[in-house]
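Participant: Once you've had a glance at the structure underneath, I'll fire off some questions.
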């Protein structure tokens, strides 16, 4: 079992990273190198988090073993006679191998490979791949050239700083740094940058994650927030459609100016392949491939302008597709939350859906998760489960904040994480040690990584689920994970006093801290920044609790969801109206499909029989002549008829239906207005299914 735990965790973490990447990325459309680079970055970071508890338990066992080896001569000297040979000391010592023990020499090599690979990804490879993915070049050489130019300042800054440091060391006669010390300085610089960003993200996640679950248990909170998101997403969706139209207009002009025998025609064809299908068909119909270009009289775009246009097409198409998918997902979520609000007052205690799911339901899941179970979970149990979970997460957050402020104290030990680990170390309960370490570092990772998944930097960085994340955002998330994970693990080892630089004890360090080197080379970082900067998490938690960041964004014009804001109320009302309109449209579509289905079932067979009998008595010559004339007329007027029919269908779909029973029907699931009714004076509805005028002229009797 020594290497089985390590192997199982390596395999499990790989499939976990693959699952998350499949949820956010698109394996079919995105470049393979982007998928491989992001998967490797996520996999290495998750692997560090899952393997570190095994390193802690193995280190505790090695400390116990070395302590027993050092104390065995004194114990043997006190034992006399046959007792020394009859009862060996190691059997009396409480040290025993943990089930997940990793042999000596494996963990240092493992950590060294994982750490330096992640650093190579985050500082060199992934930034280059970001520029390569965003480049609008038409060849691999052009994309590489663009990526090198964009990263010249990025790489040059680091080389300049490193060169200046080497010159300072060479000139100063009092400094004699070896390669190991230079390596330690580089690691300390990377961890300092990561710790600076880590505390900012951790302070937000420690408050926001418990609060999100607590607010999720409130009645109507999620529905109001969904209405708010709908209003904002509709604005973004309209902006994306307008941007796509403008870019497609530019593509159309370029497509018409550059003909088939122009040297840049291949570049135009590459741009057309990235356009949506409907735009490709429109541009293909208006293209005359037999018209030559005239280099003397016409002006043509340059290759540089085509590269810029190609980049705009990629960005606008991806953004348009993302907003369309997110709008459909948000509609399904809003409809479901409205169903939850309506079913809370149900007397039958069975969950009723307004719209059936388009995907086929699993019979096994449908058997256990029936409407009754769904009602008890959604309307009764889930709010209480969220409240209990929010309380538990809040307790964890308080423990983390307290330990971050007191982990530097060794006598007495004030860090609660260190207290728990030391109590388990006295009894050598390795299973408890690994569980406590895993839960602690897992909670810290969730607080940090969830913030990375939630933040959005305009439209440049945004992790969207359901395969809607672009290549640039995926690579940027891999960079952030690789920079945040090493300082996160060092901070965790400091909280548990497993780092000798924090505990100030001459004990065997963990294999992870051994590859980091001794921080005594930079004492002002080891004894100053690493200890006192994490205390800033208290101020960040207070700022997050009072939503200071959200209020500042509102003042700057970026609308955020706040319950006591007039702008939020206006956007909630706007989103409610948008959801109501989409709901009516879907109801009309379902009613139309049901009517067509009933019509086919009722009259379809009779129509087929009458048509078959009518065709039996038709003269073959007349039928041939009629077929010829029909084909001619159809070929002549097909396009016009299709266009008119399409316009009629769109006009009929946009018409709002008459509300025949407005006294009992309401679209608002949270509040009903019994006095509200929509009356149309010119018409009245009869139970027979006809619309009659209020006057007695009976105009529509023959309709």
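Cβ coordinates come from backbone N, Cα and C, glycine included.
Any TrEMBL annotation is an automated prediction that lacks curation.
Remember, it's a predicted structure, so these values are computed and weren't measured experimentally.
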Participant: Pick from 362-383, 406-427, 472-493: which stretch is listed in TrEMBL under transmembrane segment?
Facilitator: 472-493
Participant: When TrEMBL marks a stretch as transmembrane segment, which of 72-91, 152-171 is it?
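Facilitator: Among 72-91, 152-171, the range TrEMBL annotates as transmembrane segment is 152-171.
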Participant: Pop the mean pLDDT for the coiled coil (230-257) in here, whole number is fine.
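Facilitator: That region's mean pLDDT is 93.
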Participant: Sort out the residues at least 6 away from either end of the transmembrane segment (472-493), same chain, that have Cβ-Cβ distances under 8 Å to it, and list them.
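Facilitator: Contacts of the transmembrane segment (472-493) (Cβ under 8 Å, skipping residues fewer than 6 from its ends): 21, 24-25, 30, 34, 37-38, 40-42, 44-45, 48-49, 52, 56, 115, 118-119, 121-122, 126-127, 129-130, 133-134, 190-195, 197-198, 201, 404, 417, 437, 440-441, 444-445, 448-449, 452-453, 460-464, 499, 502, 510, 512-513, 516, 530, 534.
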Participant: Counting Cβ pairs under 8 Å that are 6 or more apart in sequence, does the total for the transmembrane segment (384-401) and the transmembrane segment (529-548) reach three or more?
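Facilitator: As far as Cβ distances go (cut-off 8 Å, pairs 6 or more apart), the transmembrane segment (384-401) and the transmembrane segment (529-548) touch.
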Participant: Would you kindly list the residues that approach the transmembrane segment (33-52) from elsewhere in its chain, counting only those six or more residues past its ends and only Cβ-Cβ distances under 8 Å?
Facilitator: 6, 9-10, 12-14, 16-18, 20-21, 25, 27, 110, 114-115, 117-118, 121-122, 125-126, 129, 133, 437-438, 441-442, 445, 471, 474-475, 477-479, 481-482, 484-486, 488-489, 492-493, 512
Participant: Which residues of the chain, 6 or more past the ends of the transmembrane segment (431-452), have a CB below 8 A from one of its CBs?
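Facilitator: Apart from its flanks, the transmembrane segment (431-452) reaches 49-50, 52-54, 56-57, 60, 98-100, 198, 201-202, 204-206, 208-209, 393, 396-397, 400, 417, 420-421, 424-425, 463, 477, 480-481, 484, 488-489, 491-492, 495-496.
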